[in-house]
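Engineer: The structure that follows is given in the form of structure tokens.
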Amino acid sequence: MSFNAVSASATTNCHLSKSNKVDPSSKHETYEDNEEEEFNLLGKTQSLKLHLKRRSENTQSKSKRTVVESDMKRIQSLHTRILEKKNQNTVSRLKNDGKSKIAPVSSPDSDMGQLVATLESGVSLGSGEYFMDVLVGTPPKHFSLILDTGSDLNWIQCLPCHDCFEQNGPFYDPSSSSSYKNVSCSDPRCGLVSSPDPPLPCKNESQSCPYYYWYGDSSNTTGDFALETFTVNLTAHDGKSEFKKVENVMFGCGHWNRGLFHGAAGLLGLGRGPLSFASQLQSLYGHSFSYCLVDRNSNTSVSSKLIFGEDKTLDIPAEAWQFSQDGSGGTIIDSGTTLSYFADPAYQMIKKAFVSKIKGYKSVEGIPILDPCYNVSGIEKVELPEFGILFEDGAMWNFPVENYFIQLDSDEVICLAILGTPPSALSIIGNYQQQNFHILYDTNKSRLGFAPTRCADV
């Protein structure tokens, strides 16, 4: 596709630039661990590479409505969580409470390599999420967890499941794993999680630590905070791979779980908090991880990758991107939200710019939630404006048109895949806009990197 020109002021972070023209149910298998090498987390760094495999797509407009509804609930949850966590520093509190410190376990003696796992798109399940295959317990068993850079807690639906959503394959059974251990109420790690609401005080210090984690849309998980062994596939530089174990990974063993998790066994957090999978494996692979999401319309045989290595601008007010005094606002890059959402007035200005520049295509009304939409039936060369984001330090993130226009059931209708949130609310760059970009998170230096990439070739 080629693109028409659009107008845009050098004082903002978002712009429109100018141009001249795998079935999860079959994966619950047990792996022999007699050849695995045990290792802990502190020491030599490794690079972690996770493969995402797209399932066959049969997207209908109804499922798009579901995706957007799920996104909006997630945005509300993220906004509420930010406000409630403002000025809270759990890690500092734990370090200063006079109790023993939380220490990662020991490191492997092997040379650096890549940790490899598999992820899939949840499109066939009506989900806009990406699923990561994780081996949990001893002996290891396969579970599909939702990959989420917007939250921290790793959790899995556990037996006994008192109130659980439907998932593909059996629930995790802690009694069948010799490496499962509950975190006690006296353990300082218990302070890393929120207690249930209403609180369930511990009756004695040896009692297992209860946790409650919510997502603001009535989605939540409650259960026992625990430690478990996660098995990863370590690929060395010579191409040889072998299964290795990472012990004492903190996670939630969920006995009461509700929400729109669409067949997953739970969730794997990649946020910056101490509970996230990324944080707990930092001393294994370093402070950076990256991913590259394959186009949803690509062949099902290709997979996405997660690796643990002067234009005019729209005159959008700077306040649209800033944090407010109550801690709201700002922008996040979120793999757990499908579409992208920009706070008003930024969204309205972006939408208006697209409408004013798109000519020659019949507008389509009545498409649920998405707007504007256009009929492009019979048009061989569709011309649409370019779209990119300008960061404060001058970095530019330009997107291909398939990352911000979504094609509906047939080839006839396309819609802008960007929606709005209220003024001063959180803005989100969702996973749809991240497709076929290699995205790097340097959590040590608080830097973001991105590059256009054929993710199927990574």
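Yeah, the Cβs are placed from backbone N, Cα and C, and that goes for glycine too.
In TrEMBL, annotation is done automatically, which means it is predicted and not curated.
Here TrEMBL flags 1-37, 51-70 as region 'Disordered'. Positions annotated as compositional bias 'Polar residues' by TrEMBL: 1-19. Per TrEMBL, compositional bias 'Basic and acidic residues' is recorded for 20-31. If you look up TrEMBL, you'll see 130-451 marked as domain 'Peptidase A1'. Residues or ranges marked as active site by TrEMBL: D148, D334.
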Engineer: Give the number of CB atoms, excluding that of D148 (active site) itself, located within 10 Å of its CB.
Structural biologist: 25
Engineer: Provide the number of Cβ atoms within 10 Å of the Cβ of D334 (active site), excluding the reference atom itself.
Structural biologist: 24
Engineer: Do you know the mean pLDDT across the domain 'Peptidase A1' (130-451)?
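Structural biologist: In the predicted model, the domain 'Peptidase A1' (130-451) has a mean pLDDT of 85.
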Engineer: Take the C-alpha atoms of D334 (active site) and D148 (active site) and report the distance between them in angstrom, rounded.
Structural biologist: 7
